[in-house]
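Annotation source Swiss-Prot lists signal peptide at 1-23. Residues or ranges marked as topological domain 'Lumenal' in Swiss-Prot (evidence: sequence analysis): 24-438. According to Swiss-Prot, the feature N6-acetyllysine maps to LYS187, LYS538. Here Swiss-Prot flags ASN299 as N-linked glycosylation site, drawing on experimental evidence. If you look up Swiss-Prot, you'll see 439-457 marked as transmembrane segment. Feature annotation from Swiss-Prot assigns topological domain 'Cytoplasmic' to 458-607. The SUMO2 cross-link feature in Swiss-Prot is assigned to LYS538.
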Amino acid sequence: MEAPAAGLFLLLLLGTWAPAPGSASSEAPPLINEDVKRTVDLSSHLAKVTAEVVLAHLGGGSTSRATSFLLALEPELEARLAHLGVQVKGEDEEENNLEVRETKIKGKSGRFFTVKLPVALDPGAKISVIVETVYTHVLHPYPTQITQSEKQFVVFEGNHYFYSPYPTKTQTMRVKLASRNVESYTKLGNPTRSEDLLDYGPFRDVPAYSQDTFKVHYENNSPFLTITSMTRVIEVSHWGNIAVEENVDLKHTGAVLKGPFSRYDYQRQPDSGISSIRSFKTILPAAAQDVYYRDEIGNVSTSHLLILDDSVEMEIRPRFPLFGGWKTHYIVGYNLPSYEYLYNLGDQYALKMRFVDHVFDEQVIDSLTVKIILPEGAKNIEIDSPYEISRAPDELHYTYLDTFGRPVIVAYKKNLVEQHIQDIVVHYTFNKVLMLQEPLLVVAAFYILFFTVIIYVRLDFSITKDPAAEARMKVACITEQVLTLVNKRIGLYRHFDETVNRYKQSRDISTLNSGKKSLETEHKALTSEIALLQSRLKTEGSDLCDRVSEMQKLDAQVKELVLKSAVEAERLVAGKLKKDTYIENEKLISGKRQELVTKIDHILDAL
């Protein structure tokens, strides 16, 4: 029975194999998964799948050596892959991680990866490798809504078999759950259950690309905490400091809270809101200082900071516990000494920092944007990253004493987990002479300030003394006053005319006498002021003095006519003058008076 089975197995192998890029010959070496031990860790909100694979080169008449092999992802989970790593078993150093590159297989859909072997595999040889994959958002709450007092149950669907382009001789699967409370699970191969473990297999002679749905429904109250968006800003200064600030948007992606929230029950009953998140710990670099933690309202005083030998542990406690569907936003910032992360050789600089740092255990970051602000004048910027990242066009950042802006590297990546906490290296060139730019700008600014003050106190910025212009200004001012006084004097005449008209109607001689007295008094005062201004004009040597003198003579004649009109009115009232004669005389007086006023107006216009 052994020989026919082996022949059939080899036939399946040759029939399902597709050539891998980088093979030693045009015909792909026949490989087989001799033994696979899978561990599926579902104890958190991540699905961590670790497979210990014994890969064998069958030979089968082929003399070509295998320099690489293929990995395939399950179609149901491939879209949620966050991390894929392959390592030779027994070698724990990060430097011994095998090179993994995504590839395509003709005629096959899905995601495939080529893994380069450290040593070419001869026919009949074997190698043990460990394949580690981490998937996010594959544990779905069921029911999707729970009350504050209920526990959270989730459903996971995967594959009973190790999904591979190669046949597998034997394989087992161990599933680690978050609790012993299991509602249901698939029963393929009569699995054994012990506490929070499910053991499947062994499965023998499994063909390539085999699939059989594995499903488990169990209690999982671990924190389903997800960073939906995060912006990490790293500002580098050559004066000894690196400032780091992280803007974090958090969401509880577990079962949504149904019904009201009772803080009283939450504090009184230990199991109330068991799947909620009260606080979590963030690990900062050991050299972190000036740490701050705030949100939209302001500083959050419920946080705690613990300084350890190799790190700074920060307990972040939001203002309210996070239940399913609830969100929060906060900002964490700190400073680092640049000598621990910035290296240079002449004008060549290298910044070695983590692309993403620890935020909380079992972290998931849906979207991360990293902005690295380099000193002004940095050029020839290059980035070395341990994994693929995307870059947006570089930006410019302006701050104090900047002239043409600091270059900003903008990089982003989606779906990150703890395995992405690795260093990136930013290489750039910087002329050290530019370090003097800011001090020189400060010196120049103070120099200009002091020089301006010296000039200001030594120069006379008052209006230039021009005798002619000053005389003209004085004459204009005096003329303006003369015009005002003349207008007031003309107003007196009009007011006296109204008094005469009232006298003719009332025949009250006291009214007329009072009006005459008021006219004489005010006219005398105004005429005196005009005469004084006339003398000032004469002092200034202005030819306007003669015009004012002429206007004064004309005004005297106007006054005489005004008083004569009043006398005529008295004679009319006393019956000494006939009305016809009065009217005729009044016309003559008014005509002469109007002629004089017109002459005065012409003089005023000339002024």
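Even glycines carry a Cβ here, placed using N, Cα and C.
Shown here: features listed in Swiss-Prot, placed on the structure.
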residue: LYS187; record: N6-acetyllysine; DSSP (3 states): coil
residue: ASN299; record: N-linked glycosylation site; DSSP (3 states): strand
residue: LYS538; record: SUMO2 cross-link; DSSP (3 states): helix
Secondary structure content of the topological domain 'Cytoplasmic' (458-607), with strand meaning DSSP E or B: 131 helix, 0 strand, 19 coil
I need the CA-to-CA distance for the residue listed as 'N-linked glycosylation site' versus LYS187 (N6-acetyllysine), whole Å please. 53
Fill in the CA-CA distance, LYS187 (N6-acetyllysine) to the residue listed as 'SUMO2 cross-link', as an integer in Å. 125
For the transmembrane segment (439-457), could you work out the same-chain residues 6 or more beyond its ends whose Cβ comes under 8 Å from its Cβ atoms? 401, 403
Under 8 Å by Cβ from LYS538 (SUMO2 cross-link), same chain, sequence gap 6 or more: CYS545
Mind giving me a neighbour count for the residue listed as 'N-linked glycosylation site'? Other Cβ atoms within 10 Å of its Cβ, every protein chain shown. 9
Looking only at the topological domain 'Cytoplasmic' (458-607), mean pLDDT returns 82
